[in-house]
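Engineer: Dumping the structure here so I can ask a few things about it.
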Ligand SMILES: Nc1ncnc2c1ncn2[C@@H]1O[C@H](COP(=O)(O)OP(=O)(O)O)[C@@H](O)[C@H]1O
Ligand SMILES: [Mg+2]
C-alpha cells in the first residue's frame, strides 16, 4: 500500500480504524448515547434507593442501627405483612401466567375477530386499578349483580367477595392478566410453528407436542413473565385499600410502609419496610431466574 | 435398516386445497407406487408445498381423497399417518441434541431404550454424523443440519418420506453432494419418496418419475426422459430448458410434421398439440448448430452477447424481426457476427 492518499482519505481511514479498534475491545460508540439515560436512572432510582437504605439504618429513636429491622420482625402486625403480600402476589402471578398459556396458545393462529378479542383481553390495562376496584365493588359487592343472582339461585346469604382477600386477588388478576397474556403471546409467536408440525409427523400427539416442544421452548419466557407479574402484584396498594381489608387480611407491605412513613411520620421505619419489600421481591425473582438457567434459552427459530 | 412397511399404491384422487378464494391445488390426481422416487416440480407458488402438506396431514383437504392401498387416510392427523417429512428450514428441535432429535420419533413410540439407541446409532452412522451426535442444532453447519433432518425422518422407516425443497438452503457444491447422498439413501433403503423442488436439474437427476405443476394443476407426469424430450405443452417445455419460444404462423400440417413461418423463413417441426394458425416453436439453445450455408430449417441472426462457459459459449442473438435467440455452441463467435443457425426437424416442437 504505497499509493498516495489525500489527507482527507487518510483521516477517514484513521477514523474507520479507530472504530474497528474500539469494536475489538468491545466498545460500541453508539451505545454512549445511552449515557444521559443511564444518568437519569441513577438519579431517579439508584440515589433514592441508597438514600432510603442508609435512612433505614438511622432509627428515629437512635441507638442500634438495625433497630428498625428488629422492630419489624418482632411486631407480628408488621412481620405478618410479608406473608400476607406473598399470599396475594404469588397466586395472582401464578394464575395469570398459567391462564395466559392456553389462551395465548389458542390465539396464535389467524382467525376472524382476533383483533377484537385481543383488545377485549387487554382493556383492563387501560382501566387502571381504581376503576377496576370500583367495578369489582359494583359487581361482587353485597348488593352487586353477582350476589343478586347468587341469592336468586337460592343462597342463604350473600357471598363475601369484597373487602377481604378475595377482592384483592380478583383485582390483581384482572389488572395483571393482560401483561402476562401479551408477554406469553409474544414468546409463543416466537416459536417456529414448523417445529410442532415436525413433531406431529414424527408421531407426537397434541399433548406430547405441547410437553416436549412447546413447553420447553416457552418456559424461559414464562419465567420472565412470572417475575414481572409477581413484581406488579407484590407492590399492590390501591386495590388492597379499596376492595381489601387494609387493617387485617390485606395489610400488605406497601400499606405498612405508607402508614409508618406518612401517618406515624417514621421515615426511617418506612424505608426499612420498603427495603424489606425489595429484598423479598429479589429473593423470589432470584429463585425463578436460577431455575431458568437450567432451561434451554437459545433461539426458538421463529420470526421473533 | 430394512423391512420398512412397503405399500403397494398411494392414490391421490382429485385432491383439492383452497385458501379462501385462492385454490392452491386444483384437483390433483396421482398414483405413487411403493419404492418410487417421485419429484413434484414447478416454480415458486405453484402449490408444491401445499400438495406435500396435504399428503403429510398438516393441511386438511378441501376436496378429494387420499387412499393408501385402498384405505382412506386423508382424515387421519399427521401423527397417525406416520409419513416422514424433511422441512425446507429443517425444523430441528433447538433444545435437543442431535441424538435426541433423531430419536424423537422413536421415543414418542415408546421404543425400548436399547432398541432406540441401536437404531439412532445406525441412523447417525448412515448420515455420517458420528462426531457431531452430541451437539445441538445451532452448533451445526447447514449441510449437517440437513443430514440430521433426513436421519430424523428415516429412522422410523416410514412408508413414505416427504421432502420439501431440502437442498434449497445449501450452497451449490453442498447441494450436489447432498443430492447424491439422497439418491444413495433412496437406493440403499428403498424408501418411497416424494420430493418437492423448483430446480428441474435436481428433479431430473433424482426422480424415477416427475410431476410438473403449474398454478395448482398437474401439467405432465412421466419419467425424466419423457418429460425432458417430450414436453406436452409450452409451459413444460419452457421449464425443461426449451428457452427459445419463437412466435410462428402455421402454414401446413402433415400428420406430426408441421411447417411454420418465422422471421420470413420456413421452419419444419414436430407438432405437440392441436394447433391453430398462431403457434410457438420451442427450441433448446444446444440444439442449434452454427452453419455457413443457407438451407432448410436455418435462421439468420446477429450475435449480441457472448458468455464464456468453458467448452461452450452461451450466445444471445437477435433475429431480423427483433426476436431473441439463446444458443449454446462450441464455435467461437464474437458480438456483431452474423450467423446462420440450423436446427433438426425433430428438435423443433410446435405448441399452440
Ligand atoms: N396459509 C396460506 N394462506 C393463504 N394462501 C396460501 C397459504 N399457503 C399457501 N398459499 C397460497 O397457495 C399457493 C401455493 O403455495 P405453496 O404450495 O406454498 O407453493 P410452492 O410450495 O409451490 O412455492 C400460493 O399462491 C400461496 O400464496
Ligand atoms: Mg414451497
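Please read every residue number as a count from 1 along the shown chain.
Glycine is treated like the rest: Cβ placed from N, Cα and C.
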Engineer: Do you know which of A:165-188, A:189-212 TrEMBL annotates as transmembrane segment?
Structural biologist: A:165-188
Engineer: Please find, within the list A:9-29, A:30-50, the residue stretch that TrEMBL describes as transmembrane segment.
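Structural biologist: Feature transmembrane segment in TrEMBL: residues A:30-50.
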Engineer: Could you check if the transmembrane segment (A:217-237) is in contact with the transmembrane segment (A:117-145), meaning 3+ Cβ pairs under 8 Å among residue pairs at least 6 apart in sequence?
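Structural biologist: They do not touch: fewer than three Cβ pairs between the two stretches lie under 8 Å.
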Engineer: Can you name the far-off residues of the same chain, 6+ from the ends of the transmembrane segment (A:267-291), with a Cβ under 8 Å from a Cβ of it?
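Structural biologist: Distant contacts of the transmembrane segment (A:267-291): 49, 52-53, 55-60, 68-69, 71-72, 78, 81-82, 85-86, 90, 223, 226-227, 230-231, 234-235, 253-254, 256-258, 260-261.
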Engineer: In the same chain, which residue numbers or ranges, 6 or more beyond the ends of the transmembrane segment (A:82-105), come under 8 angstroms Cβ to Cβ?
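Structural biologist: Here the qualifying positions are 121, 165, 168-169, 172-173, 176-177, 179-181, 183-185, 188, 214, 218, 222, 225-226, 229-230, 232-234, 236, 240, 249-254, 276-277, 280, 284.
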